[in-house]
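**Student:** The structure follows.
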Amino acid sequence: MTLERDAASNVAKVLSEALPYIRRFVGKTLVIKYGGNAMESEELKTGFARDIVLMKAVGINPVVVHGGGPQIGDLLKRLSIESHFIDGMRVTDAQTMDVVEMVLGGQVNKDIVNLINRHGGSAIGLTGKDAELIRAKKLTVTRQTPEMTKPEIIDIGQVGEVVGVNTGLLNMLVKGDFIPVIAPIGVGPDGESYNINADLVAGKVAEALKAEKLILLTNIAGLMNKQGEVLTGLTTEQVDGLIADGTIYGGMLPKIRCALEAVQGGVNSSHIIDGRVPNAVLLEIFTDSGVGTQITNRKRH
């Protein structure tokens, strides 16, 4: 068998394996949080755009929510504006919020939209302020030490949390064969802007749309046990146990809680996948092995 025949045979095997998954997910909505290394490498960026376009072409409805922390940090540095973080959240005063909106809504969002469209998609860029897509309120952060009689409220500026999602707008775009690409900026009741964690926005969008899947691209291979082995399939109960015994800790906790809340809020499954792997999204949804950790509400028998 020639090399060309071998390659063709491999393609046929891949398509054969993917077909049952394509049939299962036709007409379903998948919310994908795009960030980390997957946004930095040209090869990975191109692969992501092609994945999104292919999903739409076979009848699946992708909705993209993106981050942009490093890009925000770079511009703040160039403008000689100091970055401060509390509990992993960027303290966002009015000046920093202007930069956040400029970078997320004006630069990163349009770059992603352009990339998807160059590969044959019809992407539309949005921030949460468009048609009040992401309604938000100020996030209350508290801290308490054993010496304190009551928690101290810490002001981290215009950092918000999601209180509502304009699903009518997203459903209209999806039905019109568009691919929504959302920057995680929320709008308050008086029109004020809020900087919101992209994972949290993706989770709330997935819940509101009753999405089939929430997919979070990360810079790790997936959730791991204490032996460093990737845990490919978990129930919400098992994840709770891993948090309780300290297997899941630190910076992964907010991401995992977001995935858990989405599943508990009606999303069929959440996926923590390795965005460093080319075509990670397709590998996770269209192959038997996947490239990360799937979390579901289904109990194991």
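The backbone N, Cα and C atoms fix where each Cβ goes, glycine too.
Sharing the feature lines straight out of Swiss-Prot:
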BINDING   G68, G69, R90, N195  substrate binding site
SITE      K33  site 'Transition state stabilizer'
SITE      K255  site 'Transition state stabilizer'
**Student:** Specify all same-chain residues, apart from the site residues G68, G69, R90, N195, whose Cβ lies within 8 angstroms of the center of the Cβ atoms of the substrate site, ordered by sequence.
**Tutor:** G67, I72, G73, T92, V100, V103, L104, P184, A198
**Student:** Long-range same-chain neighbours of K33 (site 'Transition state stabilizer'), Cβ under 8 Å, sequence gap at least 6?
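**Tutor:** Within the chain, K33 (site 'Transition state stabilizer') has Cβ neighbours under 8 Å at V65, H66, G67, A198, D199, V201, A202, L214, I215, L216, L217.
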**Student:** For G69 (substrate binding site), what residues in its own chain, 6 or more apart in sequence, show a Cβ-Cβ distance under 8 Å?
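**Tutor:** Non-local contacts for G69 (substrate binding site): G35, R90.
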**Student:** Considering each pair of residues in G68, G69, R90, N195, all listed as binding substrate, report the largest CA to CA distance in Å, no decimals.
**Tutor:** 12
**Student:** Quick one: Cα separation, G68 (substrate binding site) versus K255 (site 'Transition state stabilizer'), in Å?
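**Tutor:** So the alpha carbons of G68 (substrate binding site) and K255 (site 'Transition state stabilizer') sit roughly 16 Å from each other.
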**Student:** At the Cα level, what's the spacing in Å between K255 (site 'Transition state stabilizer') and N195 (substrate binding site), rounded?
**Tutor:** 17
**Student:** Where does G68 (substrate binding site) sit in DSSP terms: helix, strand, or coil?
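**Tutor:** Reduced to three states, the DSSP call for G68 (substrate binding site) is coil.
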**Student:** Output, ordered by sequence, the same-chain residues six or more apart from N195 (substrate binding site) with a CB under 8 Å from its CB, or 'none'.
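**Tutor:** Correct list: R90, T92, T96, M97, V100, Q158, V159, G160, P184, I185.
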**Student:** So for G68 (substrate binding site), how many other CB atoms are inside 10 Å of its CB?
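**Tutor:** Cβ-Cβ neighbours of G68 (substrate binding site) within 10 Å number 24.
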**Student:** State the count of C-beta atoms found within 10 angstroms of the C-beta of K255 (site 'Transition state stabilizer'), not counting that atom itself.
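**Tutor:** That number is 21.
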